[in-house]
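Over in Swiss-Prot, the protein carries these features:
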REPEAT    61-71  repeat 'BNR 1'
CARBOHYD  N300  N-linked glycosylation site
CARBOHYD  N324  N-linked glycosylation site
REPEAT    721-731  repeat 'BNR 5'
REPEAT    816-826  repeat 'BNR 6'
CARBOHYD  N967  N-linked glycosylation site
REPEAT    1145-1155  repeat 'BNR 8'
CARBOHYD  N1265  N-linked glycosylation site
TRANSMEM  1357-1377  transmembrane segment
TRANSMEM  1410-1430  transmembrane segment
Amino acid sequence: MITRWLLITSFLALAILSLSSAAKKSEPEITSSSFDNEPFSLSYFEDTETILMNTRDGNLFRSFDGGKAWEQVDGPDGKMKKAVRSIWQHPFDKNKAYALGANRRHWVTKDQAKTWESFEVDGYAAAQHEPLIFHGWDSAKVIFQSDECMGRLCIVKSYYTTDDFKTVSPLRVSAGGCLWAVGHPQFADGLNLEDELRDRVLCIVPGLKVPSAHANRLVYSDDFFRSDAEGTELNIQHGRPVSGILSAAAVKKFFVTAAKSQGTNELALYVTLDTKAWHRADFGGHRVEQDGYTLLESTNYSMQVDVLTSPSSNTGVLFTSNSNGTYFTRNVEHTNRDRFGHVDFEKIADIQGIVLVNTVKNWDKVESENEKKVVSSISFDDGRTFQSLKVGDKQLHLHSVTTFANTGRVFSSPAPGLVMGVGNTGDHLKKYSEGSLYVSDDAGVTWRHALDGPFKYEFGDQGSVIMAVSDKGTTDEIQFSIDHGKEWHSTKLQHKINPKLLTTTPDSTSLTFLLVGSEESSGTKHVVYSIDFHGLHERKCEKDDFEKWAARLNENGEPDCLMGHQQFFNRRKANADCFVDEEFKDPQPIFEPCKCSFEDFECDFNFVRSEDGKSCVPTAPLVPPVGRCQKQTDTFMGPSGWRLIPGNTCTREGGENLDKVVERPCKDVVSAPSHDKPMAQKQVFNDARQFSEQYYYLERQASSSGDDETVIMLTSEGEFWVSHDHGKNWEQPLKGVKIAAIVPHPYYSDGAFLLTRDKQAFWTVDRAYTFKSFEAPIPPNQEGLPVLSFHPHYKDWLIWTGAVDCSHGDCHSDAYFSKNRGENWDLLLRYVGKCEFESRENRPGSEKLIFCQQYENENKKNHLQLLSSENLFSDSHVHFNDAIRYATMSEYIIVASRDPDNPDSLIASVSVDGKTFARAEFPSNVDVPVKTAFTVLDSSTHAVFLHVTVSDVKGAEYGSIIKSNSNGTSYVLSLNAASRNEWGYVDFEKMQGLEGVAVVNIISNVDAVQKKGPAAKKLKTMITHNDGGQWMLLPPPAKDADGKNFGCSVKDGKGSDQCSLHLHGYTERRDPRDTFSSGSAIGLMMGIGNVGAYLSGKDEADTFMTRDGGITWKSVKKGRYMWEYGDAGSVIVIVPELRPTKVLYYSLDEGDNWEPYEFSEVEMHIYRLSTVPSDTSKNFLLWGKEMESNRLATINVDFSGLRKKSCILVEDGQESDDYYLWEPKHPFQEDNCLFGHVEQYHRKKPSSQCWNNWREPHVHSIGRNCTCTRADYECNYNYEPQNDGSCALVPGLPKPDALAVCREDPDRVEYWEPTAYRRIPQTTCSGGLILDHVVSKPCPSKEKEYEKKHGISGTGLFFAIMIPLVAAAGVGYYVYARWDGKFGQIRLGENAGTYEGLLSRESPIVTAPIAIIAGIVAVIRALPLLAMSLWRSASGYVRLGRNRAYSRPYASRGSFAARRGDYTSVVDDEDELLGVDDAEIDDDDEL
């Protein structure tokens, strides 16, 4: 009986054990799926087990069960097969995802991949920009973007939908893409701006006239640019627009944009909470440099930004902002970054205030030691303090973002408090392959070793399960832990794989993981494992299985406060034998309030932290209550400067109350007294005999922080002086060192180089605050070549051209290259001429392109060859075997070489891409049999302005000005008899800031000059308002400065042969920087000259001025004065030229009234009047010598106290109290249309009592585009303008070869029969008159393609033939009747521009000049520079023998605006004389 019961009991026990084994498994359930192509994109739909996976062959797969089963998505029409290139999930709508196709067809799902709808967009998905931009409030609104990029320039085409792509509409074309203003659900939350912001779109668009990144603008539209195609430019800085917008981004409640001006690497970061009020982010004096900032994961109440500090070592500084994103506090120095801008930084998920950061321990030795020593640290108080990670008493260092080997977050997940990482203990972080897996279950306070070796890892079931897979080669097993990583178990896989990805649901609440790898055996088979841990526990956790866990602890181990509360979670205990098993239910934090403390407050608007961080100080004088502060000793109750951080939940009662009002002294609010006159400050130089011509402003660009006005200069004795306050105080940082030359960095306005006569040299990159010496490989050259050449994009790349063997008879020049600002040098070439970097934005792949002249076979008796190389001359290409000179200007490289058919003459060749050169075709009416010199005057983006010397007889030099087409090869005549001097400089100057206005002096008696010599030269000044197409005499004012008549009169506002205004030009200036106009004082010009038949001597000159771009002039002072503009024309200063004085005159109303100011107690001889090159300062500097003591002195004259406020600008097309919209015009056109459009500029009203305070004034808008007229065309090649304004073929010359385009492009289908006209590249006109394309014909052998393209058959053929015939007959009759049958014989009249006169003898179709060639003129002005004679100019080049210190390729409008009129600054290779050198010409050759 007992035996029987024992047997029964045993069987029952076995049965119970069997049931228990079935309920609780020891291993997860693993399901595998194989794929022929590698999965490369995988994502979950939030709160589901639905996964989308994209494979390399373009197929899309979906799984609805966490990856156990997969099916291919074919789409509604089956066209998704092998057509999907990328998957984008909607960040704010968990039901939507988008599959972007390789072509123009794409798909959307709105039900988590169950069904798909196709849509088409007329553009490919963008590759270098975000293809999809999502709306933060309305998930049906999406912007789709496509892009086309060439080098650094991109064209982005944006489209938009408001109904999830049921309909798609074009948005606009831009330079940097478009974004919704509401880029995140939290943006403008609580501001009641729903109606205003609902449809607002912001776009980064090109400058109105300059297609370069430094001119990009940020505009917005509230109706998708329907009512205004251009949009409204945003006032970002102090109520002013900003140019140079690089990027924009939505970061939770912040909208951020970055801007960079030309000439600096410093970025300006602007932040807004509503797109209306913007503030520049203040980094406490720290510079944010180009490509040097990374927006990191941010909170609802602050942004984290890492700023690059050392590009060579890739280290940065971590900053945290206040709640409005305007003031940033430095948290961590020397953060570890990679070259892509990724930063080793991560916030612990869902826990406020805990941050893991890696820093570089040996940051100051990285370059020398060639290896970073990275260490890890953690913060528990939102980055205010950091401490080491510890495993027991050992320091732990973990691999972070820059070396992450998985996807998603690096260390943490929504699993409360669980943190993992791969790393090592010791002094610093070792290689990833040498690391092991470590885990913490208290949010990083303590750590323990988990597994040996590197692993990929993931968290599941809110941390109940941790899974890991080896990341060291191939493996066939996984590891897992169900007790927070204390104990680990392993499970075998079906295949041995190389793991690529381990992931799970984004909220880490699932018990299913997904592992992707490739099989070791084949390498081409790819496996996706679904690993399900549901069976490892048989029960679901109950209340007693959870603990209340404090998320943050202070240094005493107590729960810590952040943002006014403590944070807790109910978390599963590590040893609980259960699973939470609540999929897609995120752990909810528990908040308990704290009393308010110091950490809960931040500085209020218009306050910043003091240096010790303990108080907030005002950034501007405070405004006291009415009736208070009658004297400085009074006090008043005012703001403390603190405010409670928005969103902070601390309890006021019993806590700190830092934001209560405090008693403040009135001395803090009384602003600096304003003055009714300027303030002068003199500095005497007792030991100097003379100022040299070498002085330069290191001007701050618009995106630069700081407000110093730095001037550097040399005395004639080689003493170097620096002033940081515009000459109020001077210092000698290199006292005792004799400096031979100053070479400002042409592309980086904070930098300059100082050269001596030997190998010692110095550089500064911080605006002359510090200098560092370096040793050049050889002394500066003695052949008049540029000593230094600079790279346009890499500020530390240099070419040094120096002298070799000059004491041994074989004196020649060698060129060396440095990529670290002279620390190391490598030989480029021996026996060289000029060498330059030729990298340009319009030349893709030209980053390392260098051009050099070199004597053939390294022998100076041979010809100079022109070579190029893209690998530092490891190999090179010979472009010309006998290149006399070459000049780089904008996008053009222009070469003067000997004519093979006439060795005494030159030919010009031009290249745009730096690879292919084409011979320049000069017009036949410029008959110069022997061409000895060309002066490159101007190249404004789309054309070259060239002076061809006709006569080089000393004292009687002159030539013809010709202009090119857009590729610089085909020229037409613009003006004859333009005067030049013996050095090749031409009396030619473009007006800065205005399109098409230029002034030139011509010789009116060429025949007499040729016979009698220079004594007979009679000069007249002419002006053009349409870029050289039509020239006219300057109209004189009616009265002189004393109100007396000039004795001659003008008719209809035109100058006449006997009565016009004449101005002394460039060739007569003492300082080439003294230009007529200013890039910031739009419309203003000044000059000295006389009224009469011809230009008289300087002794008879008076001072004249125009306010309307040269249309009307007035006499402002009798006698000769020097002038300068300040505050963009708000103040103008003049001082007598070269005669004793102690008084200057200034005007605050654009010259209507002039006030005297005595700047010195003793009379002085003033040599020079200067200010910052952009003419935006309110300080001026007089350079002179005291008459009695003969001492040199500078006098700073400060006008800033004359006005108290800044002018208020409205940037929506409206005028304001302080500004009006001004439109340039042609004096004889009524519609203000120039180059196919009407421009509008903001100009301050002369009566406004305020300052512009604007560093970069620019075109407000293109008011409108105009229809095309005759003025939008010029004569085609081999055609010349007739007296009546029409174009006719030059007798004896053939028409252009129209079929050439077919031969050059074998795929071309058609060509156009040539006409007498070609469209000006600069014009933006549309519709109207078409003169350049009349008859289209098929290319040879392309007749079928041509017919298909044009669809000529049946009825179409009838209309194609009949309509032109009827139209021609109608026009022919109309023209015959109106033109009296006199084709081509039209006189110029006064009724041009009216509709009745459209085809009349006065019609603009025929009266406008023919030779208009484009140039985007906001690129502004061009002054003649001479390659062979710059050493003789007074512009401050190095004179070591006959050398120039450097060459300066022309950049664009910004460089002109920043360095107006300075040949040294503008470019000595942009405006050059391309001629035969003295040493190279035969005895009968003349220069």
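Every residue gets a Cβ built from N, Cα and C, even glycine.
Working note on the glycosylation sites N324, N1265: by count of other C-beta atoms within 10 Å of each C-beta, N324 ranks first. Comparing the glycosylation sites N300, N967 on other C-beta atoms within 10 angstroms of each C-beta gives the minimum for N300. Put simply, N1265 is the one of the glycosylation sites N300, N324, N1265 whose Cα lies nearest to the Cα of N967 (N-linked glycosylation site). Rounded to the nearest whole angstrom, the C-alpha distance between N324 (N-linked glycosylation site) and N300 (N-linked glycosylation site) is 10. Across the repeat 'BNR 6' (816-826), DSSP helix (H, G, I), strand (E, B) and coil residues number 0 helix, 4 strand, 7 coil. When secondary structure is read from DSSP and collapsed to three states, N324 (N-linked glycosylation site) falls in the coil class. For the pair formed by N300 (N-linked glycosylation site) and N1265 (N-linked glycosylation site), distance between Cα atoms is given as 45 Å, rounded to the nearest Å. Following the DSSP three-state reduction, the secondary structure of N1265 (N-linked glycosylation site) is strand. For the repeat 'BNR 8' (1145-1155), the DSSP-based tally of helix, strand and coil residues reads 0 helix, 4 strand, 7 coil.
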